[in-house]
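**Q** Next up is a structure, given as structure tokens.
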Amino acid sequence: MFSYGGFVQLGVKRFNAWARTDHRRSALSFFTMGSSCSNHLGIPPGNGPNAVGCTDFMMDHTAEGTFFRLYYPCQEMESAGKPDWVPYKEYFNGLADFMKMNRALSERIFNYLFGSFKIPAYLDAPFKSNEKCPVIIFSHGLGAFRTLYSAICAEMASQGFIVASVEHRDQSASATYYFCEKPESERSNASLTKSSGATQQNLVKEWMYYRALQHGESEFPLRNKQVKQRADECILALDKLTEINSGISVQNVLETHFDWSTLKNSMDLCRIAVMGHSFGGATVIEALCKEVKFKCGVALDSWMTPLDDEIFPRVKQPIFFINSEKFQWAGNISRMKKLDSAVIQRKMITIRGTVHQSFPDFTFLTGNWIGKLMKLKGEIDPELAIDLCNKATLAFLQRHLGLEKNFNQWDPLINGEDENLIPGTNVNLLQSAI
């Protein structure tokens with residue numbers, strides 16, 4: 001999410017310093033909203049015909065297991081409630097570490113700004129669909145985690161997709177967790193006091209935080225190792241969904257209330273795409289190279305640095321690059337251009353007035369003043385930007401997954417045919433760079 005995120009770090013540090021004084025704290029409410037006439041802040045719900053449910057899945061409690069949030073069409077249930085956007089305070093701590101900020105102060109600021117927001121989906125609501133659902137595996141950016149792209153994932157689910165938003169364990173997430181087994185003595189004591197929850201009562205949560213580059217360390221070896229693991233984690237998530245779809249009984253370490261057996265024969269496993277933002281965009285390319293079950297990929301403002309050049313000619317599936325106007329540079333775009341093909345569709349558009357953070361949910365949750373200070377907002381209305389992104393994505397997925405939907409009404413967006421889109425890129429490229 002925050003690849004090359006120095007601007008975000010600088011903006012948050014400025015806000016951090018500004019917020020320390022008492023008379024300025026009283027102004028926080030005004031500035032976070034932007035102004036008294038700002039629109040209501042919140043993550044936009046899906047626009048499709050389906051209500052959206054979500055649940056978390058962790059199979060194998062160790063760091064080598066799979067962990068993702070699942071978004072899916074569901075029965076609408078107001079009583080189900082909606083989950084917190086940031087599930088635990090440790091994620092705020094991870095964001096503070098990633099931005100090299102003080103944890104205690106940053107946790108208070110982040111909790112004030114973002115602690116009350118909810119995911120636009122019903123938690124553990126029963127699955128409901130009249131047809132088999134195509135599948136998307138989603139990969140988050142550097143310093144992000146599984147819940148931060150809920151506007152995109154909820155929109156895809158509202159349009160009939162099942163979406164698994166993976167939380168990566170390669171130390172590129174700001175924070176994630178897994179479980180370790182308790183010592184035998186503690187397990188014995190726990191079993192004396194609890195008669196239920198036999199799985200989790202013998203486990204203890206272990207947090208894994210973002211791994212920063214060491215002084216003098218070269219970035220490519222670390223990021224290249226991480227992108228390979230990330231692609232493997234996307235493939236593992238798909239493998240687990242395949243098992244669930246076949247009716248194999250699975251044990252969810254998290255012991256949610258969702259009935260996984262209802263997903264038997266629910267997925268169209270001939271129609272699978274992989275999607276991601278920033279580092280997740282690079283993960284899309286790596287995953288396409290490794291797994292032919294992914295029929296196409298959508299890379300949002302992709303950060304191409306982690307990838308080996310040698311994989312580019314091995315990627316055989318269609319790819320759609322959707323870029324922001326302010327993040328990209330010639331060297332990065334030139335690497336995307338290495339994937340150009342005369343026989344396989346490779347498309348690129350740029351959304352005018354957008355920044356790198358126009359894709360995660362943060363852009364919807366701050367007013368103009370804070371949003372622009374922290375580089376979370378561009379000049380374009382964030383809901384318009386994400387709507388263009390989602391519609392262009394749906395049109396591309398219909399074209400390359402062979403869907404029988406009406407998403408082809410947005411086909412012109414694939415070619416950048418809109419006043420808020422640029423066909424290709426706004427970055428000037430020297431022929432030598434390409």
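Cβ atoms are placed via backbone N, Cα and C, with glycine included.
Keep in mind that this is a model prediction, so the values were computed, not measured.
Positions annotated as active site, nucleophile by TrEMBL: Ser278. According to TrEMBL, the feature active site, charge relay system maps to Asp301, His356.
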**Q** Is it possible to get the count of other C-beta atoms within 10 angstroms of the C-beta of Asp301 (active site, charge relay system)?
**A** 30
**Q** Tell me, how many other CB atoms lie within 10 A of the CB of His356 (active site, charge relay system), whichever protein chain they belong to?
**A** 28
**Q** Between the residue listed as 'active site, nucleophile' and Asp301 (active site, charge relay system), how many Å separate their Cα atoms?
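**A** Spelling it out, the Cα of the residue listed as 'active site, nucleophile' and the Cα of Asp301 (active site, charge relay system) are 5 Å apart.
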**Q** Taking 10 A as the limit, how many CB atoms besides its own sit near the CB of the residue listed as 'active site, nucleophile'?
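**A** Its Cβ has 29 other Cβ atoms within 10 Å.
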**Q** In angstrom units, rounded to an integer, how far apart are the Cα atoms of His356 (active site, charge relay system) and Asp301 (active site, charge relay system)?
**A** 7
